[in-house]
Amino acid sequence: MTLVKQVGNEDLKEEINFECETGNYHTFCPISCVAWLYQKIEDSFFLVIGTKTCGYFLQNALGVMIFAEPRYAMAELEEGDISAQLSDYEELKRLCLQVKRDRNPSVIFWIGTCTTEIIKMDLEGIAPKLEVEINLPIVVARANGLDYAFTQGEDTVLAALAQRPNSKQSKNIELKTTSDENSIEHLPLILFGSIPDPVVNQLTLELKKQGIHVSGWLPSKRYTDLPLINEGNYVCGVNPYLSRTATTLMRRRKCKLIGAPFPIGPDGTRAWLEKICMVFGVEPKGLQKREDEVWEKLKYYISLIDGKSVFFMGDNLLEISLARFLIKSGMIVFEIGIPYMDKRYQGAELQLLQKTCKEKNIPIPIIIEKPDNYNQVDRIRDMRPDLVITGMAHANPLEARGINTKWSVEFTFAQIHGFTNAIDVLELVTRPLRRNQKLEKVGSQRYTDRR
Amino acid sequence: MKLAYWMYAGPAHIGTLRIASSFKNVHAIMHAPLGDDYFNVMRSMLERKRDFTAVTASVVDRHVLARGSQEKVVNNISRKDKEEKPDLVVLTPTCTSSILQEDLQNFVNRASIETQADVLLADVNHYRVNEMQAADRTLEQIVQFYIKKAKKKKELDTTKTLEPSVNIIGSFNLAFHNQHDIAELKRLMSDLNIKINSIIPEGASVQELKNLPKAWFNIVPYREIGLLTAEYLKDEFDMPFIDTTPMGVVETANCIRKIQYILNQNNLDVNFEKYIDIQTRFVSQSAWFSRSIDCQNLTGKKAIVFGDSTHAVAMTKILTREMGIHVVWAGTYCKYDKSWFQKEVGDLCDEIVITDDHNLIGDLIAKVEPAVIFGTQMERHVAKRLNIPCGVISAPVHIQNFPLSYRPFLGYEGANQIADLIYNSFTLGMEDHLLEIFGGHDTKEVLSAGLSIDSKDSQIEWNLESQAELVKIPGFIRGKIKRNTEKFAQEQKMETITLEVMYAAKEAAS
């Protein structure tokens with residue numbers, strides 16, 4: 001069953017082809033978001049309410065992190081919980097009190113899983129009552145594999161955070177310094193998406209150079225510093241997988257969403273800044289020069305990938321933005337697999353992809369939603385791309401068949417946003433190519449007899 | 001509900017998948033939500049497998065919740081049948097699918113009408129058994145299925161091979177040093193002139209399972225996975241089996257004697273005593289090592305042991321009986337195997353700990369303060385925090401426990417490896433301890449660019465007595481002591497180092 005839909009755009013003649021396959025693909029479970037979110041939100045504790053299967057995934061996928069006294073744990077469901085012989089409320093209360101006693105967090109996140117979904121555990125109902133009883137905020141996010149893929153877990157958590165009413169204690173970010181003559185008067189702007197603190201500072205400064213002040217980030221470094229979000233505020237996303245958060249901010253908090261491409265790659269960063277400037281009526285300054293400088297720095301890496309082909313199997317929703325950046329860098333993209341495609345939230349990014357392809361005079365790659373890994377491997381065998389961006393399940397087998405791969409998950413853990421980090425993206429992309437160049441003298445490329 | 005940060009044994013479906021994907025040309029289909037197929041990642045990463053893991057998911061999503069899987073599972077099975085042409089498809093339930101309570105057996109029955117492949121539903125309950133128990137059961141289930149099938153088709157040949165032969169039941173992926181262990185067992189069998197009839201499941205084809213009864217006997221090297229199969233074969237065909245793990249020289253000898261007994265029962269006059277003696281005294285170094293002076297220094301040192309029952313028991317036996325080390329407590333996370341564990345090591349250690357709670361283990365280690373720990377990766381991390389040396393002897397493990405080089409734990413070469421592991425853990429601990437006594441870890445200031453002060457440039461002289469004293473200090477820390485003393489002397493503006501200065505330096509450092 002192939003569903004073909006097309007997005008029209010008057011300015012750009014060629015249309016993007018979207019296809020949808022079977023959804024038989026490999027990706028991480030969305031509960032993996034606790035791995036980076038607990039590090040981002042320093043005073044949080046994440047309680048994943050699920051089974052051994054979830055626990056074993058976190059333990060294995062997140063490897064050594066588990067030993068550094070992580071601020072997350074499993075509430076492991078036992079047979080008594082499944083058959084409702086035990087009271088969910090009492091059990092959760094017991095565990096949360098223990099967490100409160102041992103770790104004293106400012107907030108506990110409950111991560112709902114497939115199992116809580118199927119047995120219909122009323123987490124959203126229990127949380128407000130328990131919150132009062134134990135005097136600790138509890139935020140519920142349903143990051144389960146029934147509905148979501150990998151990075152969408154962060155989306156569910158941020159959407160849940162966005163729904164929290166403004167807390168009284170949250171100090172509304174330092175007032176704008178009037179001394180800064182550069183800055184202009186504008187409505188508050190809140191950016192959403194979890195990125196490492198250095199990158200937060202970099203992007204904030206890029207906007208400051210344009211005279212735009214960032215009133216706050218969702219999430220903030222600490223739960224107690226969540227930004228005030230009021231009706232009429234502007235919001236803008238930094239990651240392509242945050243459509244629920246965007247929707248929540250628009251519908252529940254009555255914010256205005258700035259639909260921009262995402263600040264990945266120098267082209268994306270510039271387009272992102274320009275769009276925000278445009279919304280606030282600011283004439284962007286020096287962006288062309290800034291972008292050119294970054295491209296200049298990327299020259300060596302671009303020389304390695306120029307004209308080479310790449311295939312995205314799709315598992316983390318960053319695919320469109322990365323493909324767009326790589327096309328701009330001279331690569332040819334055969335296929336963009338993606339778990340889920342929100343054409344409205346990613347609208348501006350899709351347009352930039354179209355524009356980039358037109359500029360480079362290459363056909364727009366096909367976008368495959370819910371891909372089928374088996375079929376994809378078949379296509380990879382036929383096309384023999386120079387690089388396949390894929391999950392760990394396929395990376396070693398593909399390498400053994402002489403196909404260069406890059407592990408896709410690294411893009412979610414590396415710093416890839418803004419002008420400064422564009423080089424890191426290409427560093428990742430070119431690593432297999434650079435490595436294999438050096439290994440040319442050892443053995444052949446193929447390390448298996450099987451197809 | 002249970003608050004858990006870490007677990008020793010994985011969920012049941014991992015066990016089933018380990019067995020299914022160990023066989024050649026067997027495909028497993030998990031009835032699971034998106035993201036549960038991380039087994040493929042583990043296999044591809046830890047074992048660095050070159051081929052695609054023959055595991056796919058029949059994805060459980062919202063639609064399945066609303067309407068049931070309906071045709072989906074059946075379609076997925078027949079699709080894989082066409083694409084991969086496997087001999088067997090194992091439908092694997094997960095924790096999610098077991099609460100949905102769909103009639104998976106019905107899907108299997110329907111699918112197997114159309115498929116070329118055989119189709120089985122793994123008989124495991126997610127909330128009652130763990131990874132190992134599930135693996136044990138799945139292996140038995142597959143063996144049973146093919147024995148019965150062969151019987152029905154009258155293809156079952158139970159005549160024994162002419163020469164003595166054995167089945168090794170216990171070769172599978174993602175197991176601790178398993179590949180090397182199996183290679184070592186094969187070598188042992190060939191030394192004893194015993195033919196290998198079959199090694200299952202790793203690399204075996206399901207077609208060869210009907211030949212299992214042709215072997216004279218079975219060996220089950222690991223207690224956790226394989227015993228059920230061996231017991232089934234004993235009940236069905238009266239095949240004797242040996243479940244003595246040949247780990248350590250004493251147990252290896254016991255295992256060989258049991259083989260001898262079985263061969264003798266079959267009217268074969270063999271005596272392996274000479275072989276055991278030569279191997280123990282000359283081929284394996286570990287028995288001599290136990291006698292050597294090095295090992296004398298280990299006498300009575302405190303150790304603790306934790307792991308799966310096979311490895312924890314074998315290790316406890318080696319430490320106490322072969323090296324004279326004092327095992328304060330030994331424990332296992334295989335709770336279901338408690339009585340066997342107690343029987344085996346009850347009188348070899350002061351205390352027995354049966355738990356799968358890693359917090360409890362951590363606390364117990366801190367309380368005992370052993371000189372060395374032998375445990376899993378989890379204990380290694382506890383050991384790091386407490387600054388106690390640790391040797392990893394059992395799963396769960398990391399990628400570094402899948403070494404490229406030959407590292408068996410079983411047989412005579414395994415005994416050598418284990419002796420190295422034990423000794424290296426202790427000397428490291430000893431070295432650390434001596435460093436502590438003679439002036440700490442950190443050289444606070446760098447005195448010169450090189451690692452030691454160049455004696456020509458240095459104003460500082462060592463007098464005869466102090467030089468003699470310096471020579472007495474064990475080599476591996478001598479440089480450190482020399483540096484610390486010289487630094488001290490320099491600070492004190494002394495030009496000659498005497499014995500007094502040396503002791504003063506030592507005092508100042510502590």
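Backbone N, Cα and C define each Cβ position, glycine as well.
Just so you know, the Cβ of B:D294 (active site, proton donor) picks up 13 other Cβ atoms within 10 Å once every protein chain is counted. According to its DSSP assignment, B:D294 (active site, proton donor) is helical. As annotated by TrEMBL, active site, proton donor applies to B:D294.
The [4Fe-4S] cluster binding site annotation in TrEMBL covers B:D36. Less than 8 angstroms from the CB of B:D36 ([4Fe-4S] cluster binding site) sit B:H13, B:M30, B:A57, B:T94, B:T96, each of them six or more residues away in the same chain.
Of all Cβ atoms in the shown protein chains, 18 besides its own fall within 10 Å of the Cβ of B:M430 (substrate binding site). Feature annotation from TrEMBL assigns substrate binding site to B:G429, B:M430.
Summarising the annotation, TrEMBL assigns domain 'Nitrogenase/oxidoreductase component 1' to B:12-426.
Proximity to chain A, taken as a Cβ less than 8 Å from one of its Cβ atoms, holds for B:D36 among the recorded positions B:D36, B:D294, B:M430. In the three-state DSSP assignment, the secondary structure recorded for B:M430 (substrate binding site) is helix.
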